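As annotated by Swiss-Prot, domain 'F-box' applies to 15-62. Positions annotated as domain 'FBD' by Swiss-Prot: 359-413. The feature repeat 'LRR 1' is assigned by Swiss-Prot to 96-122. The repeat 'LRR 4' annotation in Swiss-Prot covers 197-222. Annotation comment: Swiss-Prot describes 223-249 as repeat 'LRR 5'.
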Amino acid sequence: MAEPSVKKSKLTESDWISGLADDLLLQILSKVPTRESVFTSRMSKRWRNLWRHVPALDLDSSKFPHESDLEDFFDSFLQFDGNLKIERFKWIYNVEEHCDPEFVSRIDHVVKRGLKDLTILSKVNIEDDSVRMPVSLYSCATLVNLTLYSVVFDAPRAQLVSLPCLKTMHLEAVKFDGETILGTLISSCSFLDELTIITHDHDELGDVSVRSPSLRRFKLESMREDYDECEDPNVEVDTPGLEYMSITDYQSESFIIHNISPCAKVNIDVVFDAEDEDSVIHDFITAISTVRELTISARTLEMIHDYVESETELVPQFSNLFCLHASFSESSWEMFPTFLGCCPNLHSLFLEFDCLPEKEEINLSLVPHCFESSLEYVQLKVPITVSETSSKMELAIYFVRNCSVLKKLMLNESFGNVINKVRKIPKRSEGCKIAMPKPLHENVSHGSSLLPLICGFIPKILDQ
């Protein structure tokens, strides 16, 4: 029997797509930038106006030759179907002449169209023409996800602030015309699940007050370049349900944590610059001592090291700590046995050193309690430039000979010249394996088309 011709047996990509129902096509088109959605109008008569019914707008000002073209397109899209809900709206906004009343009016129209997902990324560099948000955004009853960059919030009337469905909020370089607006905004979100705040120079953020019983994830990062002129805002956190908190490159006078879940994972990179610095450090360490998983930066540990030395204070017990990721600098590396001594139930340990001293300067006589009872996994990372073979051996010996329940010691490539010697060290734990990670290979994808995009979205849509 003759084989069917390729032309008859194999549907083209456009034929296969066109066989889908309109509702499914609209959901697929809502996942791509509007510019690409418009291009589908050329495929066939059926597709000519399909993009006009997509419940999403994804715009980039730089893709339009003239600013007036973008404005005309925006207005015509909304006017074509006055009842169309705009569930997702994204605008990369970069114009030379910003007209605030017209911009606010357009965003206001979108907010009132049943909006669920809003992203505004402003790249306007005109100080006098701040990109402001409409007051209606404060009371958008349908909004679920909010992402804003370099925009301004005007002070609202308190009774207008209500975002009952908002679950994720990402604010970067956002200015507030009032020091209490951010706190009011956060507390108005009854179901807020994830909050990200990234501060920039001159954003006039005021204090960061995060009070939310529903919040599970909180990320705070500083992009400020000159701490001498403008420190990061003070922070106050009261989030009993918080499961993850990340503080990156932060420096403030005060960081108060009233309440945090004992199951929380915390990533800390913060230092303090306050008159009563010792009290601030003590309260902060005590507040995070209840968490289950902790990642702590070298400069934060250096601050703690200086505090302990100057005040002859003891680091509080981290009795609940199960997993620790810690980075040590040259000036504070020797405190790591002492710090581990405060973690009696530690199970997994990841240590990173920016250097190692000479063997004669190493004193690892203190054996923490967790070495005897709970520590099962250790990973050591030393820069490849560190050449002190004897120092690396001392570090490895410290764990191999003292950890009675250790199951695995992972060493990075810097230990390549001593790995065989380390494996011959008599082990306190007979079942301990000593290994080095294999190099990672990047996955490279080739080519792209609309078909794999659609195939990826269909299962997700059908599951909804």
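Heads up, residue numbers simply count up from 1 along the chain you see.
Glycine residues also receive a Cβ, built from the backbone N, Cα and C atoms like all the rest.
Bear in mind that the values here come from a model prediction, so they are computed numbers and not experimental data.
Over the repeat 'LRR 5' (223-249) the predicted model carries a mean pLDDT of 85. For the repeat 'LRR 4' (197-222), the number of residues in each DSSP class (helix H, G, I; strand E, B; coil) is 0 helix, 13 strand, 13 coil. Each residue in the repeat 'LRR 5' (223-249) gets a DSSP state, and the totals come to 0 helix, 11 strand, 16 coil. Counting only same-chain residues 6+ beyond the ends of the repeat 'LRR 4' (197-222), those with a CB under 8 A from a CB of the stretch are 150, 171-176, 178-183, 186-187, 189-191, 229-230, 232-251.
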